[in-house]
Amino acid sequence: MSENLIIFNAKVVTPLGFSARKGKEMAELRILEKATVEVVDGIITYVGPNRGEVRDGYYHHFWHYNARGKCLLPGFVDSHTHFVFGGERAEEFSWRLKGESYMSIMQRGGGIASTVQATRELSFIHLRSKAEGLLKKMTAMGITTVEGKSGYGLNRETELLQLKVMRSLNKDEGVRVDIVPTFLGAHALPDEYKERPDDYIDFLIRELLPVIQRDSLAEFCDVFCEEGVFSIEQSRRLLTAAGDYGLLPKLHADEIVPLGGAELAAELGAVSADHLLHASDAGIEAMARKGVVATLLPLTAFALKEPYARGRDMIDAGCAVALATDLNPGSCFSGSIPLTFALACIHMQLTVEEAITALTLNGAAALNRADSIGSIEVGKKGDFVVLDSDNYHILPYYVGMNCVNTTIKGGMLYPSV
């Protein structure tokens, strides 16, 4: 199919800009009725009123798409997922219903450790096949760019294997989503390094970072900076070393306790800090000053029955807030964009407009891609979502139900049915 596309009779709904929108800016959307969007070789070349040339047959080398007044949004950017893994952890859901916490399950050998074992047992082919199946479900909900993390290997071989699976999927023209790889070797402490976290950080720096740089396997380095996992100092040391190897810093921060991860993210100039359920006021203010994107994951708080991150407070403090699914096999086995919208609006007090910005332009900024995706503007990729309605407020209103009619990736059409 050609990557030349003309979309007409669309209701364009988009944030604007080539960087993250902060604070009050998040509520500002451009809305164009009866609009045309032109895509040439996968790149947007025109956004504006309907053109007579469409009727006159000027675009005879283009695919034509009549949006019939439906909303046309930027493709959704899911900037925090763990979609490459082996096994499943369905039994943990029942354990949590009986009162066990995420950390108590992890400490008794469940949680991440059980996924690590299952992932280490899978071949490249089986790991890739499982990941591709999850991606297909996610793209049907309008996701056109997704971040993926390693972190279920915790050894040299399997950490690299996860990253190579993502690279393989990214090169496959049949996969309808761009994948942004993140190295999360510091996701948990493996049994081989039990009670030796400093030695494990040394191992990651010595054995993995040079290979990841050499083979261009990741763009970011993430760390689970949390009490009982990796300390502030250990996180600082790894992320600083990763920067020397060309990887940009991200953090799982202040998810379980207010450890100071948000403050560390600001100190290091991290691209994003994620979770932030227990981020302090000082941490939020520091992130706002330094331009660290606050990536909030409402599906995880929902699944764990935890308090939601203070999205409203973060926006009011001037933060750039992004939303993501945190799809993973344990704490949140869901890639539901519709439910993410609903929970963010209901429990984090985001407006619908702010939530749209959070799942498009600010999600792109959390992946260092706001210059090329995340809004419908000339020069950006032709990644779009067509809703089933001319009213974008259905995004949270359809609680958990998919309201995406068609996903358009690089100018190519993919109906959601």
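Placement of Cβ uses the backbone N, Cα and C atoms for every residue, glycine included.
Note that the structure is a prediction, hence the values are computed from the model and not measured.
Summary of the site annotation: Swiss-Prot records N-formimidoyl-L-glutamate binding at ASN328, GLY330. Screening the candidates TYR152, TYR193, TYR200 against this entry identifies TYR152 as the one listed for that site. For the pair HIS252 (Fe(3+) binding site) and HIS187 (4-imidazolone-5-propanoate binding site), the Cα-Cα distance reads 9 Å. Same-chain neighbours of the Fe(3+) site beyond HIS80, HIS82, HIS252, ASP326, judged by a C-beta within 8 angstroms of the site's C-beta center, are, in sequence order, THR81, LYS149, ASP274, HIS275, LEU297, THR300, ALA324, LEU327, ASN328. Within 10 Å of ASN328 (N-formimidoyl-L-glutamate binding site), counting C-alpha to C-alpha distances, fall the following of the binding-site residues HIS82, HIS187, GLU255: HIS82. Around the Cβ of GLU255 (4-imidazolone-5-propanoate binding site), a 10 Å sphere holds 28 further Cβ atoms from the protein chains shown.
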